[in-house]
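J.: Here it is: the structure, laid out below.
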Amino acid sequence: MRSTAALIVAAVLATVAEAQQGVIQWDIQKRHKPQDLGRVRRADGTVEGIIDNESNRGGYFATCKLGTPPQSLDLQLDTGSSDIWVPDTSARVCQKQSGCDLGSFTPSQSSTFKTVRQGGFNITYLDGTGSTGDYFTDVFQIGGASLKNMTMGLGLKTDIPNGLVGIGYATNEAVVGTTGSLKSVYPNLPVNMLDEGLINTVAYSLWLNDLDASSGSILFGGIDTEKYKGTLTSIQVYPTQENDIFTAFLVALTSLSAHSPSGSDTLTSYQLPIPVVLDSGTTLSYLPNDVAAQVWQEVGALYSPDANLAVVPCQLASSKGTFSFGFAGPSGPTISVSMDELVLDLTSGLPPLFDSGPYNGMTMCEFGIQNLSAPPYLLGDTFLRSAYVVYDLVNNQVGIAETDFNATGSNVVAFASSGAPIPSATVAPNQGAVTDVPAATSPGYAARPGFTDSAGVSAAQFEIRLGLHLVFFRFQSFLFPLVSLSATMRVIRAVAALNSSRLAASRQGARCFSVNTTTLHTPAVGQIGSRRPFSGTRNVRYAALSAAEEALKAAKENATANMSVDVAAARMTPEEMTRLSRVRNIGIAAHIDSGKTTVTERILYYTGRTRAIHEVRGRDGVGAKMDSMELERERGITIQSAATFADWTKKEDGVDNMYHFNLIDTPGHIDFTIEVERAMRVLDGAVMVLCAVSGVQSQTITVDRQMKRYNVPRISFVNKMDRMGANPFRAVELINSKLKVPAAAIQIPIGSEKEFEGVVDLIEMRAIRNEGARGINVKVSKEIPAELKELAQQKRQELIEKLADVDDEIAEMFLDEITPTPLQIKAAIRRATIGLKFTPVLMGTALADKSIQPMLDAVCDYLPNPSDVPNTALDQAQDEKSVSLIPYNSLPFVGLAFKLEENPYGQLTYLRVYQGSLKKGTYLYNTRSGKKVRVPRIVRMHSNEMEDVAEIGAGEICAVFGVDCASGDTFTDGKLPYTMTSMFVPDAVMSLSIKPKKSSDADAFSKAMNRFMREDPTFRLTVDDESEETIISGMGELHLEVYVERLRREYKVDCETGQPRVSYRETITNHAEYDFLFKRQSGGPGDYARVVGWIEPNEDDAEKNKFESRVVGGNIPEKYLSACGKGFEEACLKGPLLGHKVIGASMVITDGATHVTDSSDYAFNLATQMAFRKTFPDAGGQVLEPLMKTTITAPVEFQGNILMLMNKRGTIVDTEVGSDEFTMIADCSLNAMFGFSSHLRAATQGKGEFSMEFSHYAVAPPHLQKELVAKYQKELDEKRTK
């Protein structure tokens, strides 16, 4: 049965039943303004000090806009109050020097301003501050959306310099306290959102993030499942007044425990179960005296008369102790709060110091849990930062779970309708047991030593402190005078609801709207009265909401900048919405020789982009369109990713709809993996092509890893169904088992191998065949071959079962034994595919021109359009805070340069447009270089051909000329300080020396090298300082071979190359000490530095080096220690054994000596380098070689030959034998793989193939190490004698 409060809310809402589905997200920005200690001193006989301090601590703010034209104000969020109010510009507080620096409102400048209750606004807060004035209505903008006729308060007389956004129960509005009647309730912000159709119910979720983060978010009308960990549990909110009236989020705290490395304690209270209010407007948390005292003793907190609150040493923030808050009985949720969320700065400048007692000389911080003598007890930000909370104001429920700090993902789930339960939440069982009062006992304080020891506070200090603390409580408790505080407060009837016989007696006037409460004296604890309508807030700077989901706050001057996805969609014209919904940015990716380019050729032909089909390797003298490079056509492989665009007409409900594809064909060879990386970085979806015979191969696994890295949804296409041994269901099984991606076939083949005719569509249960020249015509028949009907039914059922595992809607239907319709199956596949939970598997044969068109339909049906995929940028104005990008043409432009090419017309830059539109002749700003560039020409690419366009829209891919930039640069129109993350670039694994044969070719050689490095981030060029040789590095033998050949063909430069070089690494294996004196005297000042310490393996990370200083007594000044650190880094760049990088080393300096005149940064830098090199052999220096994960595929009859080859080169990891082919996976030394391709061809009669990718570094064999070291020493000796 719904509560009275829910009915009251429903009565206020005239259009609840008609609310449209949706959510609104506001990002909230935290502002800190801690005060000087002088501001927090306690006034005699009052509690003004602590409240003044806390009221200025800060909160969560964001920009909102009021009026017509809009006026910007920064307002603060408060879940404990219910009004939006703003200071009037004429208010006295706004006329002071600092004024209302967060903004004020000028009614005369708004044409839509209207006073509705003159003198009716009057709100007073806990600290005695308040605001009075009029109620008015005006336009209130949430980013790009507007709430018309929003009722707000105008602070004509106020001593608070900023406004506030209250989002609590409408029954807690200030007007109710003024009139004494619930009839005066008006639709506050959440209710008005429902009225305007922005959300489906009056509910929201709050994520404050951790103390170090600068922002959080509040989501109206939904939850974000990526913002919490574990189970979201729904618990009861208790009424705060008679007749089940709800004015605050009052819940039952039923347990509290302390945990640390030394043990755990259960903390008890005579107040249990404790009625606590969840209030984001409160900085600290306030608990009853007895349990607060236990908490203080656990952490060693001391009461400070100066600050009138409990304080702790600031270093306790690093304590490993935690407190666990339990709610709604023994089976309810538990939230763990760590100490780094409970230790807060006390002042704005340098922290004060303890001037006596056990912490004498330590810095002083405020502790996040304080005490109160009587309810309402509050859980403020020090608790809420650790909890993800969902506030359901209709059902009077709160959903609560452990927060996921600094979460980067997002999965928003909207409430289905008004009154619907909290999505994804489990109701806490046995909440009727909440009123069972546990026995109050004294804790054993087993956790107490762990709180202080883990933070570096000695046990001896702590024991002294504890003794003083206990005496302070025992003998000084009766010395405190009775402090009488007058407080105006809404009645907390829930106190009686939780324990009527005990708690009701502690209140007076429990049946009145307001009471005067006299708080009793308490032992050595501060007391806080209340002077505000029941919001529970003790801050004056109230947290506020940002203006929209994925708001663009940096572009305040742009009226459309602050806009959510929903608002952007609402503002789009029907034409733009249709355009965006039919854009697909897709890539074709697979293992080498799986048929990617062949598939792409058919796509271009069937979409009408080309008029003829040409095969790879240039068999017809032309070659594949997407293999435009001569080398690609000769070798029959894709070397560079190629972009094109095409339009596909899909019949939907009898209507032909045109879809626009931006397509990138990617290489399959591991040596050119960077081409796949940058394609996946900018694509919204992909088609993963697999061979019907081989299934999942080595590069398939690499491609899968790249798709997962960039969260790219994919459909899978099993190609080469006409090959002997084709088995598509084995490929499906391998996708599930090897790639760990849930997959199921949505087609089955008609015929097999050479008899392959077409496919059976398992969703529509129909047969699809290709007819006519090149399979241009698609014949669809409802008649399924009789021999396939049973298999089709079986595979369709498997598809439904697999979908039930990844989609809730299908799961419910499956459990209810309801057969889903084709439309429901398609919708489920689309949801699961875009959600990265599933991949549908299709099949066909591109070379035989069969079943490509159904795959194109699947791209339209199941892969996302640009608005379906979350894309983010980093806001440089907010410490690179992640902000969402919206594919809306009217928003400021944001684009990413992901690929560069040299062209006869200049540099061609490939751009993905994420937001806004790009027009020819406009200016763009490079956020990396800060340069402003003009775009003279925009083209769409069709392999190596170009088509000029005047404008490109959001979500599209294009190329531009005349823009000087690097790969991975972000471009904006200058209105947004945004930058985007670039792609992952793997390290080079192979190097070789190179030089032009003719000295006259030096200029062309230099030009070519610069171009290649700009185009390919994995291609690197260095010059050896000693040999002065030019060294090129890349991803493998083929990678470098291709660039050498391109030099010859494109630049007419013949080159000489040296023996390939392996990128070895050096490391140490033992602990070795050093005491090194560097002393050198010349004519002038000399060099003097002595360093003492040790080197040892870095146990934290075997891939990284670590430098640490443990010098005490100032024997080495700080400025020289930094030079030592730099010297260690320089020494690690060129190891003593081979001159290669050193990894996994840790260097510690413990002592040293200086000279008055001869010591310098330079001397200590050199001393550290020399000490490291001299000690390196004593520390067990070793050479590490790169091991390559090598995958070899060959016919079965050559298995013995391959085994003989691999026994000398590496360790065999896995072997998989098929009907015709076998696949071997081995970890091989890269040094042993030079020239392997020739040996493989000889051993398999040219029928074998292999691929390599870097796996890891391992210790090289001893004989190889000796050879390498000897060779390196010989080279050094030769250079010295020259």
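Note: Cβ is positioned from N, Cα and C throughout, glycine not excepted.
As listed in TrEMBL for this protein:
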SIGNAL    1-19  signal peptide
DOMAIN    60-401  domain 'Peptidase A1'
ACT_SITE  Asp78  active site
ACT_SITE  Asp279  active site
DOMAIN    581-867  domain 'Tr-type G'
BINDING   590-597, 665-669, 719-722  GTP binding site
J.: Please report the distance from the Cα of His669 (GTP binding site) to the Cα of Asp78 (active site), rounded to the nearest angstrom.
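T.: One finds 56 Å between the Cα atoms of these residues.
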J.: Within 10 Å of Asp78 (active site) (Cα-Cα), which of the binding-site residues Asp593, Lys596, Thr666, Met721?
T.: none
J.: Taking Cα atoms as reference points, rank the binding-site residues Asp593, Lys596, Thr666 by distance from Asp279 (active site) and give the first.
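T.: That would be Thr666, the closest of Asp593, Lys596, Thr666 to Asp279 (active site).
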J.: At a 10 Å cut-off from the C-beta of Asp78 (active site), count the other C-beta atoms across all protein chains.
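T.: Asp78 (active site) is surrounded by 28 other Cβ atoms within 10 Å.
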J.: Rank the binding-site residues Lys596, His669 by the number of other Cβ atoms within 10 Å of each Cβ and report the first-ranked residue.
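T.: Comparing the binding-site residues Lys596, His669, the most crowded Cβ belongs to Lys596.
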J.: Count, for each of the recorded positions Asp279, Asp593, the other C-beta atoms lying within 10 angstroms of its own C-beta, and report the residue with the smallest count.
T.: Asp593
J.: Average the pLDDT scores across the domain 'Tr-type G' (581-867) and report the rounded value.
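T.: Over the domain 'Tr-type G' (581-867), the predicted model scores a mean pLDDT of 91.
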J.: Show which residues of the chain containing Ala590 (GTP binding site), separated from it by at least 6 in sequence, have their CB under 8 Å from its CB.
T.: Lys596, Gly668, Met688, Val689, Leu690, Gln699, Thr700, Val703, Asn719
J.: Have a look around Thr666 (GTP binding site) and count the other CB atoms within 10 A of its CB, chains all included.
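T.: Counting Cβ neighbours of Thr666 (GTP binding site) within 10 Å gives 28.
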J.: Taking 10 A as the limit, how many CB atoms besides its own sit near the CB of Met721 (GTP binding site)?
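T.: Total other Cβ atoms inside 10 Å, all chains included: 28.
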